[in-house]
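Annotated in TrEMBL:
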TRANSMEM  14-34  transmembrane segment
TRANSMEM  100-119  transmembrane segment
TRANSMEM  139-166  transmembrane segment
TRANSMEM  187-214  transmembrane segment
TRANSMEM  329-350  transmembrane segment
TRANSMEM  370-388  transmembrane segment
TRANSMEM  408-431  transmembrane segment
TRANSMEM  452-477  transmembrane segment
TRANSMEM  483-504  transmembrane segment
TRANSMEM  548-570  transmembrane segment
TRANSMEM  576-594  transmembrane segment
């Protein structure tokens, strides 16, 4: 055991912040490049505008608009106006949401402090350590205060990540539309760059704040690393609890608008998707930014924070923590730092090394991103495991120490990383309209909406099979090598390429918005075709992003579960004891209860929206003819009010369940609830998001009419197309509200149980104590 790591502690202390700063700098560079596309009308709108325009592609960048004799100036002004409206709508919604969430944050922070402080009756004296009774550790009151602080830190970081992502997306959407006039490659790069801004900002911010928090807390804790990293777990709880409200609130907002706009616009009135005559169209585009971007950002930030916290908690009671070896202790953070550098190189492949010239190069280019980042990251992890870990060490494993070699830990991270890639590709196979599953769903639309729904549901259930095997194998491998720590770092492996994953993911809503803006600004058909191609690729990548989020959530939640079981001093969780079994049953029911709440919220909000849109079409004279403007603001208000009101009950369900179960039924039942919700939540989440993604792309497949088969199913407005729109509408709340929120449910309940574990272990199980 005497051998230490090759990388000195000073190296670690330099490496982590430097990588984080590089990530932030890179995202600023990408942002500057995006901002070069001008949104003020001028003759030379963002093109190089001189003889050098022939540039890279070998042909001059000319504007299609000029050949088609459309007035360039008006289009640019219109795009800028629409972008402004979308940006204002999104900002005002997020501010309203954060006001409500802020009240909750303060209340919950007080709760954490009271519960954890009461473990030793608010005493200020040092106590024997949890895992080593011979030594004295800092009092529980200190851990309570610092857990509360790290909870607030995590919450604020999560909110800021979501907000910045939304700002960047609304900044880039009209610019993508304008670039689409010059060709699909230009538009792709603009959308992808702005996605990268968000990905890198988020990854680097999450890492930097966590690193600074650890160093500040260390000033107080000194050598008590067990207490230090127990207090840090609040960071993950803060990140995920904000993500829950962002995801649920944003999801209800976006889908109420989307369903309302589709049902009245496309099905009843036969007008195109983002037609400016449709009153719900601005709300729909605002929703893409609020739900898919701000929600997704907070969500993946939460996963990242939690897997880091889970790994650090387990490491602090292993040989790293006991011998106070800083470099191996911070191994999870080093992996993330290297991940930022790897993603930076990967991003250059999409924006600078290869030019995209045709529509069919878009999806392969995005898939290449995943493959390149995974391959490079595997090398990166190998190097890190060699220099940052001692050749052999011990990992805490439910009461005893297990001997682990550094190559085994490398395999744990790598297996998580590759499982993520497999889940991504399987998701892509089931949701992209280039493959048979979605084409079969589209084909079933010939006989109406009912068969479409049946085929879509079957596809979603079937798409669970391979991802579950991938998760199962990675759990088995990583657990047998390095116990719970192995699972925590496998989750980190899956999230190590988070910057690229988020860039690909944010790209989707940005191109979706770009298409909407093109339609509203009345641009030509050819431009709408280009933005549609970008958008269809974006749909698939969004599904891949959700696959990553769900897979990593399963691993993270299992790792947190392990840390919780260790902290609550349960040696084994026995399924055959009634206490645990009733927990399992109730836990497995929770995702259904939660989905019921979110689906019904979308349904009732959409109902209000449909009524309002119908009212406007019927009462505003000249609306269908396009001579008068619809009242967009009322629709935005309906979405905002509905989502703020409806996000409270599902949020309360997730946040209160662990508290109620832990206080009244104790830690054994709570461990059952966590296991049950994990096992059932993953299945529903995967099937819901893939079903929704497949229906959406089946509709896109029919609309694009790229093959003979697709053209046989009809132009927009044919019966098969209407059946496809109905499927898409049913799938909307599945793929954008329930599905993505479920992965937060499983993580959040686990991390909350871990934070409150000292309290539950001391005072929990009231009902069983009475009898």
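Backbone N, Cα and C atoms are what each Cβ position is placed from, and that goes for glycine too.
Keep in mind it's a predicted model, so treat the numbers as computed, not measured.
Spatially, the transmembrane segment (548-570) is adjacent to the transmembrane segment (452-477); three or more Cβ-Cβ distances between them are under 8 Å for residues at least 6 apart in sequence. Within the same chain, residues 7, 168, 171-172, 175, 190, 193-194, 196-201, 203-205, 207-208, 211, 330, 333-334, 337-338, 340-341, 344, 347, 351, 499 sit at least 6 positions outside the transmembrane segment (14-34) and bring their C-beta atoms closer than 8 Å to a C-beta of that stretch. Sequence-remote contacts of a segment are chain residues at least 6 beyond its ends whose Cβ falls under 8 Å from one of its Cβ atoms, and for the transmembrane segment (483-504) they are 23, 192, 195-196, 198-200, 202-204, 296-297, 300, 303-304, 307-308, 310-311, 314-315, 318, 331-332, 335-336, 338-340, 342-344, 346-347, 366, 369-370, 373-374, 377, 380-381, 395-398, 402, 404, 408-409, 412-417, 419-420, 474-475, 477, 541, 544-545, 548, 551-552, 555-556, 558-559, 562-563, 566. Sequence-distant contacts of the transmembrane segment (139-166), counting only residues of its own chain at least 6 positions beyond either end whose CB sits under 8 Å from a CB of the stretch, comprise 90-91, 94, 98, 101, 105, 108-110, 112-117, 119-120, 122-127, 198, 201-202, 205-206, 209, 213, 217, 220, 227, 230-243, 246, 289-290, 293-298, 301-302, 305, 506, 755, 758. Of the ranges 329-350, 408-431, 576-594, the one with the most Cβ pairs under 8 Å to the transmembrane segment (370-388) is 329-350.
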